[in-house]
Amino acid sequence: MPPKTPGDVSHVFTPVYQPEYFLLLPLWCRSRVVESESENKLDGETASDSESKSEFGGSSPVPTSDDTPEVLNRALSNLSSRWKNWWVRGILTLAMITFFFIIIYLGPMVLMTIVMCVQIKCFHEIITIGYNVYHSYDLPWFRTLSWYFLLCVNYFFYGETVTDYFFTLVQREEPLRILSKYHRFISFALYLTGFCMFVLSLVKKHYRLQFYMFGWTHVTLLIVVTQSHLIIHNLFEGMIWFIVPISCVICNDIMAYMFGFFFGRTPLIKLSPKKTWEGFIGGFFSTVLFGLLLSYVMSGYRCFTCPVEFNNDTNSFTVDCEPSELFQLQEYNIPVVLQSVVGWKTVRMYPFQIHSIALSTFASLIGPFGGFFASGFKRAFKIKDFANTIPGHGGIMDRFDCQYLMATFVNVYIASFIRGPNPSKLIQQFLTLRPDQQLHIFNTLKAHLVDRGILGSLEDA
């Protein structure tokens with residue numbers, strides 16, 4: 001066992017110590033123990049936390065610096081730090097919103113590419129924090145293994161997506177057909193290779209640290225890759241299912257900040273001291289109203305409402321279809337209680353607008369808990385931001401912590417309340433069967449329709 005340094009008393013004293021022993025300590029050692037205890041009490045650490053910090057060399061924070069562009073620093077030099085931060089965040093927010101509109105205009109392929117890039121950057125930020133916290137740069141092969149597992153998981157998820165949405169293209173090309181047929185076996189073999197490499201890389205003095213990082217990598221994959229995969233699935237259901245939820249989270253983040261900045265007085269949660277009830281409530285009502293308006297505008301355009309499909313003739317994506325009932329104006333009766341207030345008896349709106357209320361409500365009430373979770377994570381490891389990629393906003397993960405939670409909700413919501421059987425996909429699979437299997441299905445379906453009286457009526461017509 002390596003000798004302890006003079007300043008390291010964690011191997012001698014636990015957070016609970018005897019006063020008579022404390023009096024025998026030298027002055028410098030007393031102050032060290034008191035400071036250590038006060039930090040533990042403030043951060044809510046337990047004895048096991050202190051032991052972990054001793055074993056892994058302490059949880060040194062990831063260094064942060066002022067990454068504000070020099071142009072903004074000079075332009076805002078006369079403002080207080082509070083208002084300087086307000087302007088920096090505002091300007092960069094407008095820039096990000098502009099970029100968001102541009103990639104939407106460029107179409108689904110660009111959107112999917114951006115989602116992949118965001119996923120990789122978020123994975124990099126969280127893994128880097130793990131390296132810094134646990135001082136694991138010297139672990140054999142672990143950086144390589146982390147990125148290898150990212151590749152394996154992406155191959156599994158996106159291979160399933162390609163097979164599902166590009167079925168005819170996959171069946172047309174022999175190599176793709178083989179990869180599709182044995183996709184899960186290949187994915188398992190790739191992961192098993194990484195698992196064996198991890199076991200072979202275990203080093204006697206670093207067993208626990210290596211398993212810490214193994215778990216860290218897999219939790220990161222679960223949070224980042226799975227959610228980004230669900231975002232792609234939402235996109236294929238129609239760009240409106242991608243744009244509206246993301247826009248609601250952005251709107252809630254902005255309006256909660258604005259209401260909290262100007263009217264905030266009552267703290268909301270200890271994990272985020274700057275969050276206030278005024279901002280939380282103001283963000284909720286603003287987001288619901290914004291969701292209704294945005295849904296009304298987008299529901300009138302087929303390019304937003306139609307599912308994203310692959311055209312085999314042109315080898316490109318198409319978003320042209322006959323809008324479903326969700327995106328056709330309908331007349332609704334206003335409750336009698338509200339008729340005297342608004343002066344109307346009926347209102348014309350898209351059914352999707354009703355669903356947008358559920359989406360915006362989740363984005364306002366539950367979505368922020370993704371941010372609170374991220375705040376707790378950062379406080380646990382004494383870091384201010386995941387990275388300094390975006391001046392005034394932190395890292396990419398700081399901006400997408402709520403988006404990932406929202407993506408899961410939207411995917412579950414579509415599967416539970418919106419999506420039904422897809423005839424085109426059933427026909428595609430039917431055509432790939434052997435002739436005898438197709439004939440069996442045809443006879444079964446014919447007998448079923450005759451029993452229900454549907455086939456006879458069609459023949460009479």
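Cβ coordinates come from backbone N, Cα and C, glycine included.
Just so you know, TrEMBL annotations are computer predictions that nobody has curated.
For 38-54, the entry in TrEMBL reads compositional bias 'Basic and acidic residues'.
The region 'Disordered' annotation in TrEMBL covers 38-69.
Taken from TrEMBL, the feature transmembrane segment covers 141-158 (among others). Tertiary neighbourhood of the transmembrane segment (141-158): same-chain residues 116, 119-120, 123, 127, 131, 183-184, 186-187, 190-191, 194, 197-198, 201, 210, 213, 217-218, 221, 225-226, 229, 232, selected by CB-CB distance under 8 Å and a gap of 6+ residues from either end.
Residues or ranges marked as transmembrane segment in TrEMBL: 185-203 (among others). Sequence-distant contacts of the transmembrane segment (185-203), counting only residues of its own chain at least 6 positions beyond either end whose CB sits under 8 Å from a CB of the stretch, comprise 139-142, 145, 148-149, 151-153, 155-156, 159, 179, 210, 214.
The transmembrane segment annotation in TrEMBL covers 210-232 (among others).
Beyond the transmembrane segment (238-264), the same-chain residues lying 6 or more positions past its ends with a Cβ under 8 Å from any Cβ of the stretch are 86, 89, 93, 97, 100, 104, 108, 111, 231, 274-276, 278-284, 286-287, 290-291, 294-295, 298-299, 303-308, 319, 327, 352, 356, 359-360, 363-364, 367-368, 371, 402-403, 406-407, 409-410, 414. Sequence annotations record features per position, and here TrEMBL assigns transmembrane segment to 238-264 (among others).
Counting only same-chain residues 6+ beyond the ends of the transmembrane segment (276-298), those with a CB under 8 A from a CB of the stretch are 240, 243-244, 247-248, 251-253, 255-261, 263-268, 304-305, 349-350, 352-353, 355-357, 359-361, 363-365, 368. Taken from TrEMBL, the feature transmembrane segment applies to 276-298 (among others).
Annotation comment: TrEMBL describes 352-374 (among others) as transmembrane segment.
Sequence-distant contacts of the transmembrane segment (210-232) (same chain, six or more residues past either end, CB-CB distance under 8 Å): 56, 112, 115-116, 118-119, 122-123, 126-127, 130, 134, 136, 139, 142, 145-146, 149-150, 153-154, 157-158, 161, 198, 201-203, 242, 403-405, 407-408, 410-411.
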